[in-house]
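Chemist: Okay, here's the structure, questions in a sec.
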Ligand code: AMP
């Protein structure tokens, strides 16, 4: 991933793929042109790279010239095309091939056709490396098309975002979701995840999703999901993966504008971790860190029993259920430590101390990401 000005871009088309496509265009065009000496006309600025690579591969004599038009503003194509440098040589009777880096709305192409209206060229053909069919609003024929791409903003290989990115040898596509910070807050029951999540979501403007809280909300409202979850939760067992994953996906979808998420109580199994990777991928994003609050079992039991006196949670009232939940955590969820450690995303934080002290320890990890 790269950042240009305020926006993030992800790799989209490799340098090798671009090279192969240019080679294919060269072969097609050289065959059609035959023994004529064509004039290739690049449209500046964007086309300088494609023109350069193209003519280096062109197997026969040719001429190269440029016209310079200005059309882009930020990430949007505008109607208002300015002609900065027009044709500087007489092309009467010549075989002309326009070499474009990209054709999207077709506004630039309209201006190119206006430029050639009164030139008595022998033929005028259009070749473009990239073409966005969904964006194209004109009828001009495109004679040679390299790669059709979706209507999303791209940079690299001559194409820029407000001046930056032209030098990149490959193509990057704008990210669907701009930068998110996504944290998995991890730790056994009673480690203080909920308390800390409340502070962290304020401090970092994140959306906090506690799967336990969502289940409890559903139980309180007697929804079908609640009824299903209750039978497992009352025993301190995990709710089946698919039920939990579907619910989590729905919670994330409710917050499409979020700066990021704190996942609390999720993932708890490998299947859930993999589902979360997929979900983050679909948002062009990722989990940045799993932060685990580490607390001794005996302290956990003590904390949960005392919380049980006021929380009204059935699974906090009974020491054997509490021990079962802690055992479930180590049994099933400790493997997640390996999952995130292997990606260098696991951070253990001492969860014993005052609430403030622990917030400071967690913030230190997040600020360093
Ligand atoms: P918690 O509030 O995180 O301690 O969760 C309370 C209970 O909700 C757990 O003991 C499980 O029964 C259920 N639960 C919460 N999150 C999950 C999850 N990710 N997968 C399966 N069950 C969960």
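Note that Cβ sites are derived from N, Cα and C of the backbone, with glycine treated the same way.
I grabbed these lines from TrEMBL:
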DOMAIN    15-161  domain 'Phosphoribosyltransferase'
BINDING   190, 191, 192, 193, 194, 195, 307, 353  ATP binding site
REGION    210-239  region 'NMP'
BINDING   211, 216, 237, 238, 239, 265, 266, 267, 268, 272, 313, 325  AMP binding site
Chemist: With DSSP as the yardstick, break the region 'NMP' (210-239) down into helix, strand and coil residue counts.
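Modeler: Tallied per class, the region 'NMP' (210-239) gives 20 helix, 1 strand, 9 coil.
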Chemist: Does any of 190, 194, 268 have a Cβ within less than 6 Å of an atom of ligand 1? These are the binding-site residues; tell me which, or none.
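Modeler: Result: 268.
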Chemist: Could you state, as a whole number of Å, the largest distance between Cα atoms of any two of 211, 216, 237, 238, 239, 265, 266, 267, 268, 272, 313, 325, the listed AMP binders?
Modeler: 25
Chemist: Could you tell me the mean pLDDT the prediction assigns to the domain 'Phosphoribosyltransferase' (15-161)?
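Modeler: Averaging the confidence scores along the domain 'Phosphoribosyltransferase' (15-161) gives 93.
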Chemist: For the ATP binding residues given in the record (190, 191, 192, 193, 194, 195, 307, 353), what is the largest pairwise C-alpha separation in angstrom?
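Modeler: Farthest-apart Cα atoms in 190, 191, 192, 193, 194, 195, 307, 353 are separated by 17 Å.
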Chemist: Going by DSSP, is residue 195 (ATP binding site) sitting in a helix, a strand, or coil?
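Modeler: Note: residue 195 (ATP binding site) is helical by DSSP.
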Chemist: Return the count of C-beta atoms lying within 10 angstroms of the C-beta of residue 211 (AMP binding site), excluding that atom itself.
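Modeler: Residue 211 (AMP binding site): 22 neighbouring Cβ atoms within 10 Å.
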Chemist: What's the most sparsely packed of the binding-site residues 191, 239, counting other C-beta atoms within 10 A?
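Modeler: Fewest other Cβ atoms within 10 Å, among the binding-site residues 191, 239, is found for 239.
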